[in-house]
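K.L.:
Next up is a structure, given as structure tokens.
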Ligand code: SR1
Ligand code: MG
């Protein structure tokens with residue numbers, strides 16, 4: 001084992017060449033650093049002769065998006081690799097295979113998914129992914145149910161939760177999503193043109209109450225093992241396949257946070273469509289596809305989660321109390337909607353944005369997309385505790401796009 005240091009491309013090749021399940025002995029490998037996320041180095045190692053590849057992901061001891069002034073624990077690499085192994089067991093085929101984990105180097109060696117595209121990019125290019133809603137709802141239902149007190153031994157769950165104490169990564173979320181957008185913060189980052197919107201976020205006490213409640217739940221409710229950062233940049237897709245990556249933010253938290261992340265990112269792309277497709281009819285059609293996908297994600301999740309509850313619940317009282325299941329699902333829907341709203345707001349005024357909106361070159365069009373995102377996001381946050389059906393999300397979005 002070597003002491004921690006950021007790998008060079010040659011070192012990445014040397015490590016990859018030892019993975020004999022993938023590369024034949026003596027393979028002539030090449031490496032490209034392809035990390036475009038906020039936090040890590042990612043090496044894509046390929047063998048030109050066999051066409052086979054591997055990904056080596058190494059955590060840096062700081063947040064790459066900000067620089068060395070923001071130190072960040074390397075333990076997140078362990079959390080990510082352990083979460084991937086659990087997710088592979090609970091949702092087979094929906095996460096990349098892990099070949100090796102090296103604790104000293106904070107390095108995970110995993111399946112190459114370069115035949116897939118990052119979903120955010122795919123959506124920006126108007127891609128349609130017929131398997132996505134079914135796959136992601138399976139991923140959500142299985143991973144959330146089977147890591148909760150409903151689906152696993154409740155003593156083992158407490159021990160498992162201990163392995164996923166993730167204070168530094170949770171702190172990023174607590175600050176960037178549940179605090180900074182609602183105050184003056186050096187972390188915030190938004191176009192001057194929407195200063196009025198930023199000011200409204202800072203002064204709306206009704207909104208602050210709802211964000212405080214969502215924040216409290218994020219801080220205190222260890223409901224299930226979450227992915228913790230399930231935006232469309234953490235999902236690889238093809239029309240036939242879905243793979244969830246990057247669970248370094250994994251921790252025991254409220255289930256609705258993961259479901260809300262998926263919904264928020266579909267809605268953010270819908271808000272950005274005024275640029276990506278100039279043709280009005282095509283734009284409306286693609287937005288309809290995104291909203292239908294969001295509905296299918298929720299419906300698929302609810303159906304599968306209820307089925308797991310009915311078939312595999314380990315908690316006697318929960319299993320025999322139908323009204324409890326209904327109450328639980330209602331609260332899950334409300335949390336999903338509240339968290340979806342918070343995730344939309346942070347991507348417009350907070351530190352880390354999304355390309356679906358930021359890459360809109362025309363300033364007026366970008367501003368319209370930002371305002372639409374904030375209208376939807378704040379409406380979802382403010383209404384979350386009142387909502388009784390997912391259809392209300394679609395109504396809120398439809399109103400914002402008028
Ligand atoms: C400092 S990290 C910024 C963001 O990138 C990650 O993907 C998370 O969403 C985090 O909030
Ligand atoms: Mg990430």
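The backbone N, Cα and C atoms fix where each Cβ goes, glycine too.
All annotation found in TrEMBL is predicted automatically rather than curated by experts.
Feature table excerpt (TrEMBL):
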| type | residues | note |
| --- | --- | --- |
| BINDING | 40, 57, 111, 112, 113, 246, 247, 248 | ATP binding site |
| BINDING | 229, 346 | substrate binding site |
| DOMAIN | 32-265 | domain 'Aminoglycoside phosphotransferase' |
K.L.:
When DSSP states are folded down to helix, strand and coil, where does residue 246 (ATP binding site) land?
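P.N.:
Residue 246 (ATP binding site) sits in coil per DSSP, no helix or strand.
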K.L.:
Would you mind listing, in sequence order, the residues at least six apart from residue 40 (ATP binding site) in the same chain with a Cβ closer than 8 Å to its Cβ?
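P.N.:
When sequence neighbours closer than 6 are ignored, residue 40 (ATP binding site) has 57, 58, 59, 60, 64, 248 within Cβ distance under 8 Å.
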K.L.:
Pick the one among the binding-site residues 111, 248 whose Cβ has the fewest other Cβ atoms within 10 Å in this structure.
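P.N.:
Result for the binding-site residues 111, 248: minimum number of other Cβ atoms within 10 Å at 111.
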K.L.:
Among 57, 346, all listed as binding-site residues, which has the most CB atoms within 10 Å of its CB?
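P.N.:
Sorting the candidates by Cβ neighbours within 10 Å, the top entry is 346.
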K.L.:
Provide the three-state secondary structure of residue 113 (ATP binding site) computed with DSSP.
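P.N.:
The residue in question, residue 113 (ATP binding site), is coil (DSSP, three-state).
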K.L.:
If H, G and I count as helix, E and B as strand, and all else as coil, what does DSSP give for residue 229 (substrate binding site)?
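P.N.:
Residue 229 (substrate binding site) sits in coil per DSSP, no helix or strand.
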K.L.:
Measuring Cβ to any atom of ligand 2 with a strict under-6 Å cutoff, which of the binding-site residues 40, 113, 229, 246, 346 qualify?
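P.N.:
Result: 229, 246.
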K.L.:
Just how many other Cβ atoms lie inside 10 Å of the Cβ on residue 247 (ATP binding site)?
P.N.:
27
K.L.:
A 10 Å Cβ contact count, applied to the binding-site residues 112, 229: which residue has the minimum?
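P.N.:
Minimum Cβ neighbour count within 10 Å, taken over the binding-site residues 112, 229, occurs at 112.
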K.L.:
Same-chain residues six or more away whose CB lies under 8 A from the CB of residue 113 (ATP binding site)?
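P.N.:
Set apart from residue 113 (ATP binding site) by at least 6 residues yet with Cβ under 8 Å, we have 55, 96, 236, 243, 245.
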K.L.:
For a Cβ distance below 6 Å to any atom of ligand 1, name the binding-site residues from 57, 112, 229, 248, 346 that qualify, or say none.
P.N.:
229
K.L.:
Expressed to the nearest Å, what is the distance separating residue 111 (ATP binding site) and residue 229 (substrate binding site) at their Cα atoms?
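P.N.:
Checking the Cα atoms of residue 111 (ATP binding site) and residue 229 (substrate binding site) gives a distance of 20 Å.
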K.L.:
Report, as a single number, how many Cβ atoms besides its own are within 10 Å of the Cβ of residue 246 (ATP binding site).
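P.N.:
If we count other Cβ atoms within 10 Å of residue 246 (ATP binding site), we arrive at 25.
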